[in-house]
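Undergrad: Dropping the structure in here first, questions after.
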């Protein structure tokens, strides 16, 4: 027994883990344990108090946060399809904007394309309709011209209202012209020129007796005016297509509220 005690002491002295710098690895300090246990108790009490004080709305929001994160990370199929179509629309519209500036590939033809677009402006059509209405001497002609004037005014108001709601800008930063500001055609969606030429072409095809070549030219004119708005960078492809759709709907609206000859004569006498 006396010999075994010095050997045990020697083993303890030679043990590296018994040194002061390694003492915390074997036996954690009591102060640290007490501080950790007290901090855990405080945090548990604070959490319990917060759980009691927070209302059911906050608990519901905290439970919904992970689900919202999942929705952002995993968008729906409709969202992916819509964003993909929107990206394709922007890309194709930028590629077709060959006359967006003088430095573009077809920059030299920009003046001619702008001249083609003027044929679809609302101000020249309203002015021409008023001149023809003053010079017209037949009741049938005055009836058609008065309803055409109503259709043009409705087109300007409807397109201006839709553009103010959508506030979509074109694929290129093109400053609207003076006639665009007069007709309040300052945004891209829907294309005012496209809606106007679609409404006019449908109106003339229904109420004027035209030969087949003229009817074909009328449809080609409407398509060319719509394409010219994409070529100069003012509208996207979807803006022009939606403009054609709204133009047809405006024609149907004018057909529903068509003014009779007596109503037109009364309005002309007041004017």
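Note that the numbers count up from 1, one per residue, in the order the chain is shown.
The backbone N, Cα and C atoms fix where each Cβ goes, glycine too.
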Undergrad: To which of the residue ranges 68-86, 87-105, 144-162, 163-181 does TrEMBL assign the term transmembrane segment?
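TA: From TrEMBL, the annotated transmembrane segment range turns out to be 144-162.
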Undergrad: Choose the correct range: of 203-228, 229-254, which one does TrEMBL annotate as transmembrane segment? Give that range.
TA: 203-228
Undergrad: May I ask for the residues of the chain that lie six or more residues beyond the transmembrane segment (112-138) and have a Cβ under 8 Å from a Cβ within it?
TA: 99, 106, 145-146, 148-149, 152-153, 155-156, 179-180, 182-183, 185, 192-194, 196-197, 200, 221, 224-225, 228-229, 231-232, 268
Undergrad: Using DSSP, how many residues of the domain 'Phosphatidic acid phosphatase type 2/haloperoxidase' (143-255) fall into helix, strand and coil, respectively?
TA: 84 helix, 0 strand, 29 coil
